[in-house]
Amino acid sequence: MKLLEDRINTDGQVLGQDILKVDRFLTHQVDYQLMKEIGKRFAQVYADAGVTKVVTIEASGIAPALYAAESLNVPMIFAKKAKNVTMNDDLLITEVYSFTKKLTSTVQISSKLIEEGDKVLIIDDFLANGQAALGLVHLMEQAKAEVVGLGMVIEKSFQDGRQKLLDQGMKLTSLARIEKFEDGKVIFAPADDIAFD
């Protein structure tokens, strides 16, 4: 998605060899207009997939997932990283490792929110090692829901997350694919949605 790549070039900050800071529009401050365009793009790509629910994990996946759900006219559900007192019913539970935070979190979704046979589009902010996405896939398997696709806002193609998801037979759409960081700049690989630009 050229609009997203341009924004990464303008406001993204490369930290070291493997971190991209995008807190000016995605991971801290949210540019709702950009998120709306991202949501529309995911909805375009998966328009014929029969999506019944959009699922993400808190926190930075919520904005793009919400706009994708709005464009598809379906509910959006986010997996919570901390159980609260109102989550006292049956839970779908798994553990995910965060590459950026360097920690493992237990994530959960109320089992009554995902029904057997639901066709789920998983959306997340970043794809690095694939752990968050695979964790959400595992939650959907527990619910006997079908994952019809995974939409990633930004993918670090130099890490192994993409291959892990493809090896699982998943349909993957990344709107910005980073081939590498070079001299503090982002070098992009062709995005999966290039036909829509």
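Keep in mind that glycine also has a Cβ here, set from the backbone N, Cα and C atoms.
Around the Cβ of THR27 (xanthine binding site), the number of neighbouring Cβ atoms within 10 Å comes to 19. Look at THR27 (xanthine binding site): DSSP puts it in coil. Summarising the annotation, Swiss-Prot assigns xanthine binding site to LEU20, THR27, LYS156.
The 5-phospho-alpha-D-ribose 1-diphosphate binding site feature in Swiss-Prot is assigned to ALA128, ASN129, GLY130, GLN131, ALA132. For ASN129 (5-phospho-alpha-D-ribose 1-diphosphate binding site), other Cβ atoms within 10 Å of its Cβ number 17. According to DSSP, ASN129 (5-phospho-alpha-D-ribose 1-diphosphate binding site) sits in a coil region rather than a helix or strand.
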Intrachain C-beta neighbours of GLY130 (5-phospho-alpha-D-ribose 1-diphosphate binding site), sequence separation six or more, cut-off 8 angstroms: ASP160, GLY161, ARG162, LYS164, LEU165
Cβ-centroid neighbours of xanthine site LEU20, THR27, LYS156, 8 Å, sequence order: GLY12, ILE19, LYS21, VAL22, THR100, ASP125, PHE126, ALA128, ILE154, ILE178
GLN131 (5-phospho-alpha-D-ribose 1-diphosphate binding site) CB neighbourhood, other CB atoms within 10 A: 19
LEU20 (xanthine binding site) versus binding-site residues ALA128, ASN129, GLN131, ALA132 - nearest by Cα: ALA128
Site extent for xanthine (largest Cα pair distance over LEU20, THR27, LYS156, Å): 16
